């Protein structure tokens, strides 16, 4: 069984009334061994949730003022004797200091909340190590993915899930009830062998963002190099002009929309490839390749990075007129026009092009903002599936189309100007149109009734080449059976 299959809610809304074998979680006495930041936050949260808390410390008199007045702070041995559920809030290297309490810990439930400083720092997990030191106790791994800040501020301000694992189902259920009363959602991660994976979770740095970030950086470097060649190196070689001043603002501002536009198209390209696969094989039950499966899982992060680049592009564009170089160029242009005695420099086509270009860009950025906002869990949870699908799928595709119009109005007729092909390299925006236009054309084809109907049938369970049984009446009135293919 995979770890993804094991991650399931541990408890439903189960009532404990009338069951003498179940002790109500709220009101029971909970022990906490340790006096660090996490132990104090844990004690505060337990007290606020209606539990009686007994804190075990080696120096209770000195540590008493750090805990809420409702919590009893005493020696470790005394705290252990007063409760059956004990949170071990000490570091792994200090577990051995608890060995003197082995006799009074017999039969107790120990909740290990510790984490390591590095992923897979030890061969065995902290919870397994604690269980080996106290074989007469039942060890449960839990609460290590919850921060001290979340414990103090309440579950509504942080991650509500508490991952729990243990070899004892009854102990897991007890800890899960405590977590529920505290306002968290317990998630069963299986037996104690899952403790190592649970302890690695807080140490991972943006695990779902690594591939999208590397993708965005790769696209940025490619487009940045391409624009650098066209805007800086070309004029230096061909005209002996120093345009290095363009690198910090202008070259970056030309690169950002390219990255944003391509990243937005990459959000919807895997859906197109998945639909092509389902149409080709005639079934939805065939697994996608691993690369496509991972691509589909990272669409949210890719979309958010697309919005981030688009927002930066908008800010950079607003700052363009503020540059000293831009002011010098305006003055130089005005002087040239005065020398040449040009009184009317109004170009109707260019005016309309810029008006449409900016207007369409603002609309595209607004739609991207809406997509980014609805990706937040707090907003997404308030939407039903149809609303979420409409925003992310329909409005997202509209945002891609409008972004394409934004790019086309930027290029206008310059794509046919041979002066734009520096070093025989086409303008950057023509390269960015390849993937988005492919996605748009594919989406239009899939919207055709004949293809859309077939795709919907496949996604409802229809399979090409599957045979089904049928029964027909014979001429004598009796029924005879046969088979036919479901794709007839």
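For all residues, glycine too, the Cβ spot is worked out from N, Cα and C.
Sorting the domain 'Pyrroline-5-carboxylate reductase catalytic N-terminal' (29-116) by DSSP state (H, G, I as helix; E, B as strand; all else coil) yields 35 helix, 23 strand, 30 coil. Annotation comment: TrEMBL describes 29-116 as domain 'Pyrroline-5-carboxylate reductase catalytic N-terminal'.
Averaged across the domain 'Ferric oxidoreductase' (259-400), the predicted model reaches a pLDDT of 93. Annotation comment: TrEMBL describes 259-400 as domain 'Ferric oxidoreductase'.
The transmembrane segment annotation in TrEMBL covers 211-229 (among others). Listed by sequence, the residues of this chain that lie at least six past the ends of the transmembrane segment (211-229) yet keep a Cβ under 8 A from its Cβ atoms are 247, 251-252, 254-256, 258-259, 262-263, 266, 294, 298, 301-302, 305, 309, 422-423, 425, 428, 431.
Under the heading transmembrane segment, TrEMBL lists 261-281 (among others). Same-chain residues lying 6+ beyond the ends of the transmembrane segment (261-281) with a Cβ under 8 Å from its Cβ atoms: 215-216, 219, 288, 292, 295-296, 299, 302-303, 305-306, 309, 368, 396-397, 399-400, 403, 407, 432, 435-436, 438-439, 442-443, 446, 451, 454-455, 458-459, 464.
If you look up TrEMBL, you'll see 302-323 (among others) marked as transmembrane segment.
What TrEMBL records for 356-376 (among others) is transmembrane segment.
Feature annotation from TrEMBL assigns transmembrane segment to 388-409 (among others).
Annotated transmembrane segment per TrEMBL: 429-451 (among others), in sequence order. Sequence-remote contacts of a segment are chain residues at least 6 beyond its ends whose Cβ falls under 8 Å from one of its Cβ atoms, and for the transmembrane segment (429-451) they are 226, 257-258, 261-262, 264-266, 268-269, 272, 275-276, 279, 397, 400-401, 403-404, 407-408, 410-411, 415.
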